[in-house]
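Enquirer: Let me give you the structure first, and then I'll get to my questions.
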Amino acid sequence: MNLTFDTIAAQATPNGRGGIGIVRVSGTLTTRVAKELLGKVPIQRKAEYLTFYHQNGNIIDKGIALFFPGPNSFTGEDILELHGHGGPVVLDLLLQRIITLPGVRIARPGEFSERAFLNEKIDLAQAEAIADLIDANSAQAARAAISSLQGVFSTTINDLVEKLTSLRVDIEAKINFPEENETNVSIDKKIIANLDQAILSINKIRTAAYQGCILREGIKIVITGKPNVGKSSIINALAGHEVAIVTNIAGTTRDILREYIYLDGIPVSIIDTAGLCNVSHNEVEKIGIQRAWNEIKQADHILLVVDSSTTKLSEQDKLCNTLIANFPYKTPVTIIRNKADITGEKIGETLNNNYSVITISALSSLGIEILLKYLTKIISLPSSTEGVFLARRRHLEALEITANYLLQCKEKISFPTMLELIAEDLQLAHNALSQITGKFSSHELLKKIFSRFCLGK
């Protein structure tokens, strides 16, 4: 894809003072920028120590210049990198000098990576991996981002796309050449086998992508329950400091409170919510309850808190089942029996009606270590991150759409009259997968993704 752009420039190192600061230039006018600032075009792919000149002939700085001619560069265009001293004034003088040249402007956030994508140097998943590597919160996440950048995720997706294409070819052949009855039986077996294989593949990819998404974005745990059961005390205990105001007055928490902790290197967002009461005549409290339900709908895991001092074990099932009936069907729930310091109940983990029940006293910090170990266990990833790639929520959504279309194909495969519908479902599955790598993506999606990158990337 040969595209014509303005020449762009940006600081590629963070703002502030440092030993080295880098300014990056990319585009058709890069060699002109080099001649104006350096008096020459640097030797290709070799570091040269040169002087950086102002247009009036004064010296701005001295440093290393690197020139990477396109198309064999990161963006696919000519690239110039100037490595000078990392003072903000020096770097600003360099940038201002560069953009005085006609046809050169400051780059938008992520525009270098966007050009690499548009010039087919990387795909969209690899472009996102660049931002993910920069933002990695742990060594595990960094290693997974490198895997994505090297194309592990993309290769997995492209392999499945090829399987779907092959499957669609077989379906189209059956539609277009119905008179070839001799091969119909063998084609049927081949189609069913290939479809089953594709379904197995998408399920395996979804599992790996979910793990990659947890590494990147963490997991969202929502603390909920009736008013005054100790939800705020629990978030304070898990955080290790006071996040929420704790009183004996029911309904103290009216809004959403968030706290971030790390468990085994995985970021965990813990959310305290307003108490879920049946009827409220307070408008502010009503809004808080609605926000609580919104958070519950988006949770990866729900901690349902019960006040053990007012709810006997025999009453717990009825109370919890009433609330759980309104929770998202697939979201796992753990029941927390709080205030054991009042009741004297045994601290620890038990199992009741297939739900894990953890008895604690948040106010006295009794059982908090048990709860933390339990949370670490339920969100833990495989000890080996070999082959693990980072994924985003949009990737999970695309994979879910693909899986649903393939399951629809499976339901229709026994009916010869539905072959055209199967072919259409396969095409839609193909399109959903291709959104991950950017082979089939809207302009608005691309704009949204690259706008979140930092300058100089």
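Glycine residues also receive a Cβ, built from the backbone N, Cα and C atoms like all the rest.
Per Swiss-Prot, the feature (6S)-5-formyl-5,6,7,8-tetrahydrofolate binding site maps to ARG24, GLU81, LYS121, LYS457; the stated evidence is sequence analysis. Per Swiss-Prot, domain 'TrmE-type G' is recorded for 218-380. Per Swiss-Prot, the feature GTP binding site maps to 228-233, 247-253, 272-275, 338-341. Feature annotation from Swiss-Prot assigns K(+) binding site to ASN228, THR247, ILE249, THR252. Per Swiss-Prot, Mg(2+) binding site is recorded for SER232, THR253.
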Enquirer: For SER232 (Mg(2+) binding site), identify the closest of the binding-site residues ARG24, GLU81, LYS121, ALA274, LYS339, judging by Cα separation.
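Expert: Its closest listed neighbour, by Cα, is ALA274.
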Enquirer: Please list, in sequence order, the residues in the chain of LYS121 ((6S)-5-formyl-5,6,7,8-tetrahydrofolate binding site) that are at least six apart in sequence and whose C-beta is under 8 Å away from its C-beta.
Expert: SER73, PHE74, THR75, GLY76
Enquirer: Could you state the whole-number distance in Å separating the C-alpha atoms of LYS231 (GTP binding site) and ARG24 ((6S)-5-formyl-5,6,7,8-tetrahydrofolate binding site)?
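Expert: A Cα-Cα distance of 50 Å.
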Enquirer: Determine the most Cβ-crowded residue among the binding-site residues ASN228, SER232, using a 10 Å radius around each Cβ and all protein chains in the structure.
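Expert: Buried the deepest by this measure is SER232.
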Enquirer: Let me know the model's mean pLDDT on the domain 'TrmE-type G' (218-380).
Expert: 84
Enquirer: Three-state secondary structure of ARG24 ((6S)-5-formyl-5,6,7,8-tetrahydrofolate binding site) from DSSP?
Expert: strand
Enquirer: Based on Cα distances to GLU81 ((6S)-5-formyl-5,6,7,8-tetrahydrofolate binding site), point out the closest of the binding-site residues ASN228, ALA274, LYS339.
Expert: ALA274
Enquirer: How big is the Cα-to-Cα gap, in Å, between ALA274 (GTP binding site) and ARG24 ((6S)-5-formyl-5,6,7,8-tetrahydrofolate binding site)?
Expert: 49
Enquirer: Which number gives the other C-beta atoms within 10 angstroms of the C-beta of LYS339 (GTP binding site), all protein chains shown included?
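Expert: There are 23 of them.
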Enquirer: Taking every protein chain shown into account, which of the binding-site residues ARG24, LYS231 has the largest tally of Cβ atoms within 10 Å of its Cβ?
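Expert: Of ARG24, LYS231, the one with the most crowded Cβ is LYS231.
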